[in-house]
Amino acid sequence: MSAENTSIDHLLDETRRFPPTADFAAAAVAGPDLYERADADREGFWAEQSRELLHWHTPFTQVLDWANPPFAKWFADGELNVAYNCLDHHVEAGNGDRVALLWEGEPGDERRITYAELTDEVRRLANVLADLGIGQGDRVAIYLPMIPEAVASMLAVARVGAIHSVIFGGFSADSLRSRIDDAGAKLVITADGGWRKGKVSPLKPAVDQALADRNGLGEQETVEHVLVVRRGENEIDWVADRDVWYHEVVPQASAEHEAQPFEAENPLFILYTSGTTGKPKGILHTSGGYLTQAAFTHRNVFDLHPESDVYWCTADIGWITGHTYVVYGPLANGATQVLYEGTPEHPEPGRWWDVIEKFGVTIFYTAPTAIRGFMKQGRQIPQARDLSSLRVLGSVGEPINPEAWIWYREIIGAGKTPIVDTWWQTETGAIMVSALPGVTETKPGSAQVPVPGISLDVVGEDGRHVGNGNGGLLVVTEPWPSMLRGIWGDPERFKETYWDKFSEQGYYFAGDGARLDEDGDIWLLGRVDDVMNVSGHRLSTAEIESSLVAHEATAEAAVVGAADETTGQAVVAYCVLKESYLKSHEDIENLAQDLRGWVADQIGAIARPREIYIVTELPKTRSGKIMRRLLRDVAEGREVGDTTTLADTMVMSTIQSKVTGRR
Ligand code: WT7
């Protein structure tokens, strides 16, 4: 990556700064001393945090074992029980009556579950798991909607030392089957169905299909039982001897269950994530290090005051954000949190804001794609609700453009809440880059600084630090507690994917491009495969998208680099317009032209998109990621590739017809 990366000057022109207020800083959990302590003795710092935040049945004496890189061991001679830390520990400390989950179903039903109640449920479920033959090291697939039983299931699996593999409820029977097979799951925990957009979306039928298909392969079936939660009350088939109703066994089971200690490196979960090509990778995380960094970051990045805060992370438990910032981080810290089953727009677009108002949410963590969606609907929707309880806002998943950042702060955060833009990955397990509220002066659009105890750098292809003011590749230079321990069943792929590129330096290659500004703050530029090279000039998709959404007409934009005979790559953009703009402008004939000029004006002629297509929707995965690969296919006139991970598979045919219609 060249040092003369001038293309993101537009992003770096963002000069608005938001220092913490004195009041916030005075009451904040984190202080600048965290950085000092971590810098002085990184491993000692993590050891100290781990002892402070977690209960160890057997205290560890070793911190990091990096004798066999890239296979790290943290706190290896210590023993703990992850579920005990998230449950019994709080009850024993006298906080059993504190609400753990403020659950709201999409139809409007509600459950408040205290730490004592959740502990009781998980103990019973752990006994049921043992009865079903699940013990240490066994794999359990979890395919559930966002209901309290999903949280209880993950914790019960952890409690008996087994390994969960949560599969997002939106995945198909095929995806389910390949994940069950890859992990060799012995048990599947599912529900009849869950509520989504006003109706029951069935789950158990997909499990039945996955298992039936798999039988057809003639291989040994690993799944012995399917434990079924009743939620949707939809009609389902029943396989005698294999299927077990949750409500028929859990309440009847004994609530006596002593959590056994397991070694720190006991595997906790596998979570599948898609790579650049090929089959999904089963990212493996273990116990002690993972829980340490989950709890540490959850506490300090969100300024958690567990006795008074109401926290809400909108992620589904099927994603890493749901694992770390719905289940393990908040519960290890004894937080009270909202768990919401449905979609943001049901029964109408203000549902999330209603949830915040109703429960008095103080800390809110969501994704830029959601924020831009709300911008598109208009500020009057959140402004009709009382959001004054909010005091910290978080963002995760992709770069947040300054316009969305400012909207988030102004409209949702009443112009006063700190915003933390948190960079991390399924592989990193927990937050790696973020401002600390009360400490960091925030910059819209920049994720800013590594969290204390994390060592990162931005390097060139040669592995050398690029220096402030330059762009390059983001790497992690030292092992970290919540790092992935491998890819399930594929140690070679683990080495190849993340460690081969900078094997000489021993750096973890994250796959993201980044730039250091003059202060040394980090600006994420998207995956490196999303960085374009136009006529030998490096252009960032993030930057052009940011420019496009800064235009009054545009709600959302996706930019891809399409092969071009003359320039190597050319910029092709897809824009979704704001409803308000469409209402007030009849003639949008020349808008694409205008937008091209706008980008050229904002960034420079080199960035002028070759084509801009006005579309009604962008192709997104169920986790809200724009699938640029598909947009690149369309832009390059190719047949559109695999669309099975799209939330709405129709989107691509609509876009395709639009594009070919114009050619
Ligand atoms: C990729 C990881 C981390 C949980 C959700 C996604 C992108 C994530 C940010 C951010 C810019 C971000 C990166 C990363 N990403 N957070 N704050 N700013 N980019 O987890 O599916 O494993 O994706 O998401 O490209 O590599 P994931």
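Here the Cβ of each residue, glycine as well, is placed from N, Cα and C on the backbone.
Remember, TrEMBL labels are computer predictions, not curated facts.
In sequence order, GLU106, HIS346, PRO347 are the residues near GLY198 (CoA binding site), counting only same-chain partners six or more apart with C-beta under 8 A. The annotation CoA binding site is assigned in TrEMBL to ARG196, LYS197, GLY198, LYS199, THR321, SER535.
The feature ATP binding site is assigned by TrEMBL to GLY397, GLU398, PRO399, ASP421, THR422, TRP423, TRP424, GLN425, THR426, ASP512, ARG527, ARG538. Neighbour list (THR422 (ATP binding site), Cβ cut-off 8 Å, at least 6 residues apart, same chain): VAL301, GLY394, SER395, VAL396, ILE431, VAL433, SER434, ALA447.
Around HIS551 (Mg(2+) binding site), the same-chain residues six or more apart in sequence whose CB sits under 8 Å from its CB are LEU595, TRP598, listed in sequence order. Taken from TrEMBL, the feature Mg(2+) binding site applies to VAL549, HIS551.
Applying DSSP to the domain 'Acetyl-coenzyme A synthetase N-terminal' (33-86) sorts its residues as follows: 25 helix, 12 strand, 17 coil. Residues or ranges marked as domain 'Acetyl-coenzyme A synthetase N-terminal' in TrEMBL: 33-86.
Annotation comment: TrEMBL describes 93-488 as domain 'AMP-dependent synthetase/ligase'. The average pLDDT computed over the domain 'AMP-dependent synthetase/ligase' (93-488) stands at 95.
Residues annotated as domain 'AMP-binding enzyme C-terminal' in TrEMBL: 543-625.
Reduced to three states, the DSSP call for LYS625 (N6-acetyllysine) is coil. Annotation comment: TrEMBL describes LYS625 as N6-acetyllysine.
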Which binding-site residues out of LYS199, THR426, VAL549 lie by ligand 1, going by a Cβ under 6 Å?
THR426
What Cα-Cα separation, expressed in whole Å, is found between ARG527 (ATP binding site) and THR321 (CoA binding site)?
18
With VAL549 (Mg(2+) binding site) as the reference Cα, tell me which of the binding-site residues ARG196, LYS197, LYS199, TRP424, THR426 is the closest one.
TRP424
Might you list, by sequence position, any residue in that chain lying six or more from ARG196 (CoA binding site) with a Cβ less than 8 Å away from its Cβ?
GLU106, PRO145, GLY342, THR343, HIS346
Is any of the recorded positions GLY397, PRO399, THR426, LYS625 within 10 Å of THR321 (CoA binding site) (Cα-Cα), and if so, which, in sequence order?
GLY397, THR426
What remains of the binding-site residues LYS197, LYS199, GLY397, PRO399, TRP424, THR426 once a 10 Å Cα-Cα cut-off to LYS625 (N6-acetyllysine) is applied is GLY397
Under a three-state reduction of DSSP output, how is PRO399 (ATP binding site) classified: helix, strand, or coil?
coil
